[in-house]
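Swiss-Prot has this to say about the protein:
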BINDING   GLY63, TRP65, ASP83, ASP99, ASP124  S-adenosyl-L-methionine binding site
ACT_SITE  LYS164  active site, proton acceptor
Amino acid sequence: MSKNKVSASSGRWLKEHFDDKYVLEAQKRGYRSRAIFKIEEIQNKDKLLKPGMTVVDLGAAPGGWSQYAVEQVGDEGQVIACDILPMDSIAGVSFLQGDFREEAVLDALLERIQPDMVDVVMSDMAPNMSGNLAVDQPRAMYLVELALDMCRQVLAPNGSFTVKVFQGEGFDQYLQEVRNMFKVVKIRKPDSSRARSREVYIVATGYKG
């Protein structure tokens, strides 16, 4: 691909980004990313987050979901966040930087969490996309499997789970796996999710334990 094509593509992305009403609204409201509107819409429909809850936020950086979760759970609740990327501190959020796929990082995260005491696990994780679907989809599915494994280790009975999943190979099997573990499972495509994106959010409540 030529430099001109790359530059043109980058230019279009930047223009779309800065013209995006959700980007502008996030900046106006003091949130770190437009992704906050995805969890806000899920919350408005499904009421996952309540005062006093303990929440685990996977793939948290730059922190939009954690910001929103802290507002919902209040001073009596807690948010434990993890990402491979750095994240500026947020009051009320315990942040661990590291690769969630590494056992040492997972162990460090689990040390901050009491077993069976987490009310909500939420994951907005996504791999670095190469543009090659045959490579990207398995990477994405691996991450959502890890998020589901986290539920098995820390989620309280009747707890909730929301996870970003890319539609494609492995999606149907994963959805069935989630349905086996939770009483109610819904698929959401938030308004703020770009129409061309394959992403959807699985929202699962009533963890069977």
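Any Cβ shown, glycine's included, is placed from N, Cα and C.
Structure with Swiss-Prot features highlighted.
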residue	record	Cβ neighbours (10 Å)
GLY63	S-adenosyl-L-methionine binding site	25
TRP65	S-adenosyl-L-methionine binding site	29
ASP83	S-adenosyl-L-methionine binding site	22
ASP99	S-adenosyl-L-methionine binding site	11
ASP124	S-adenosyl-L-methionine binding site	22
LYS164	active site, proton acceptor	23
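For the S-adenosyl-L-methionine site, whose annotated binding residues are GLY63, TRP65, ASP83, ASP99, ASP124, the maximal Cα to Cα separation is 18 Å. Across the structure, ASP99 (S-adenosyl-L-methionine binding site) and LYS164 (active site, proton acceptor) are spaced 18 Å apart at their Cα atoms. In the three-state DSSP scheme, LYS164 (active site, proton acceptor) is classed as strand.
For the pair formed by ASP124 (S-adenosyl-L-methionine binding site) and LYS164 (active site, proton acceptor), distance between Cα atoms is given as 5 Å, rounded to the nearest Å.
On the backbone, the CA of TRP65 (S-adenosyl-L-methionine binding site) and the CA of the residue listed as 'active site, proton acceptor' stand 12 Å apart. ASP83 (S-adenosyl-L-methionine binding site) falls within a strand segment according to DSSP.
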